[in-house]
Each structure stands twice: as C-alpha cells, then as structure tokens.
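**Q** Grabbed the feature section from TrEMBL, which reads as follows:
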DOMAIN    1-269  domain 'Biopterin-dependent aromatic amino acid hydroxylase family profile'
BINDING   His122, His127, Glu167  Fe cation binding site
Amino acid sequence: MAKSTGYKSRESDAQGYIQWSDEENQIWSELYERQAGLIQGRACQQYHDGLEYIGLSAHEIPQLPDLNKRLQQATGWKTAEVPALINFSEFFRLLANKEFPVATFIRTREEFDYLQEPDIFHEVYGHCPLLTNPAFAHFTHTYGKLGLNASKEDRVYLARLYWFTVEFGLVNTQEGLRIYGGGILSSPGETVYSLESDKPVRAPLDPVDALRTPYRIDIMQPLYYILPEFDDLFTLAEQDIMALVEKAKTMGLFEPRFPPKDKQASGQN
Ligand SMILES: C[C@H](O)[C@H](O)[C@H]1CNc2nc(N)[nH]c(=O)c2N1
Ligand SMILES: N[C@@H](Cc1ccccc1)C(=O)O
Ligand SMILES: [Fe+2]
C-alpha cells in the first residue's frame, strides 16, 4: 500500500498510554467538534447510541486502555495498536479475536476532511461506537473468523463485502437514509458527500453484488450499498457467506466505477 502520508505512528508506554502532543489533541478535538454537528440527521441511531455509550473525550485523543474498558463491558471487544493500514490476513485475525485495529497516528490539518488511510480518528470515532452494538459486533466477529480461515483469494472477496458494509455502508431507517459505515463517519467530507452528492450511485445491498464490486480505498466512494434495515447485519452474519463468495467467483467482477490508480495500482481491491 503506497503510504499517502508517511506518518510516524506513536508507541504507547507500559500501561498502554500514548503521550499525544497538544497539536494532535487539538486536531482530535476539532474533528470531534465538526462531526458532532455533521452526524445529526446523518448517522444512524445505533451509531449515536454507541457514541454516547463509549463516551469519547471531545477534547483529546482517547487512551486505548480507557476505551477498552467500555468496549469490553458492552460486547467483549478491545482495541489493538497497529502502525497504519494492515493487510487482510492480519486484519481478519484481529477481528476473529474480537480485537479492533487502531492505527496510532492522527491526520494533519491538510487531510482534515478526508484521509486516504485509516488514522486513530477513523478507527476510534468511526468504528468503535458501533462495536458496542451487539448486531454489529456479532457481524464483525463472525466476519473475522471467516477471513481467518479463508484462502488469500477469498479474503479479497470478503474484504469487499466488509468494505461496503462496515466501512462504507448506508442503511434505510424510518427517518430516511442514514450512515453506519465507519469509513464515512470519520470523514467530515464524505459524511456529507455520501448522502447529499449526486455523484455516487446508491444501490440496495445485494451481498453477491458487493462481493463482485472492486473498490479503491483512497478516494470518496463512487458507489454505496444500502442495507434495508440495521438488524439485517444479524441475518447477513447467519448466511453462508463463503457460499456467496463461491457464487460471486463464478460470476466475475463488475467493471470498476473509478479511474485506475497510477502504475502501482495500490489500494485497489
Ligand atoms: C478489509 C477492509 O476492507 C479494510 O481494507 C481493512 C484493511 N486494513 C485495515 N487496517 C486498519 N488499520 N484499519 C482498518 O479499518 C482496516 N480495514
Ligand atoms: N477516508 C477515511 C479514512 C479511511 C481510509 C482508508 C480506509 C478506511 C478509512 C477518513 O477520512 O476518515
Ligand atoms: Fe475501517
């Protein structure tokens, strides 16, 4: 993966605490402040409930040992420090163990609205609130176990369905279209774009379609899949997802809806 930012991730001390700088804490607090306004009427209720439950600080980057206490209480999950984007096999191994990867760096102001790789604001603010929701936690744990036991090729398929649900999923609710994907909720720019831009396609989620849809991780998404209702994640976790992967493999991939990356073509799955 071509690193877009070349960030130096931070090491924690023996107790798992990281001494963030004032500037890093300031960026967290401004991101938190911006999203507090943008998620009103845009994030699904389950996300709001989870955000309230884990009680993240609005003023400084949360310390993982404190966050772990809240996650453990709710669903038995905890975080795992990682330097940046990790590969699929490491990623699924962590999820299979109810550990969620947290990249220990935070974006700079230049990448405030959108960042090409996951930072701590993405992992903690984007994903952790919903990890306190039983349906979401169950789906993510099930998904990790599937990925752990899958072949390298099947893991690339599994990553696509994960991408179009946990990372960039939208969901229908009584109040209208809402966001549950952590990759959207950690980006001020994409939080608005995903619901209000007329550029992206928005289609009902058919798991086999998602498995056949190539994606790029370094651009705002050209396509979002909509979950008919939130608890469909439970139903999805009970389906034979590997059978859906086999079906998708016989049908071939859809044409990408985005321009190819430059030669290295990294970040395209
Ligand atoms: C698999 C999924 O599509 C996504 O690309 C994964 C891969 N690696 C990751 N690595 C980190 N640190 N954080 C993430 O959220 C992810 N997501
Ligand atoms: N684009 C997300 C970060 C992200 C990058 C790549 C994969 C997933 C998430 C943000 O700006 O918060
Ligand atoms: Fe993510």
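Cβ atoms are placed via backbone N, Cα and C, with glycine included.
Curation does not apply to TrEMBL; its annotations are automatic.
Provide an account of the burial state, proximal residues and distances for the features listed.
**A** Sequence-distant contacts of His127 (Fe cation binding site), defined as residues of its own chain at least six apart whose C-beta falls under 8 angstroms from its C-beta, comprise Phe100, Val166, Gly182, Ser186.
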**Q** Please list residues from the chain of His122 (Fe cation binding site) whose Cβ is under 8 angstroms from its Cβ, counting only those at least six apart in sequence.
**A** Ala103, Leu115, Gly182, Gly183, Ser186, Ser187
**Q** Measuring CB to CB from Glu167 (Fe cation binding site), give everything in the same chain under 8 Å that is also at least six residues away in sequence.
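**A** Looking at Cβ-Cβ distances below 8 Å from Glu167 (Fe cation binding site), excluding near sequence neighbours, one finds Gly181, Gly182, Gly183.
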**Q** Using the CB centroid of His122, His127, Glu167 as the Fe cation site centre, which other residues of the same chain sit with their CB within 8 A?
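**A** Those within range, site residues removed, are Pro118, Glu123, Gly126, Val166, Gly181, Gly182, Gly183, Leu185, Ser186.
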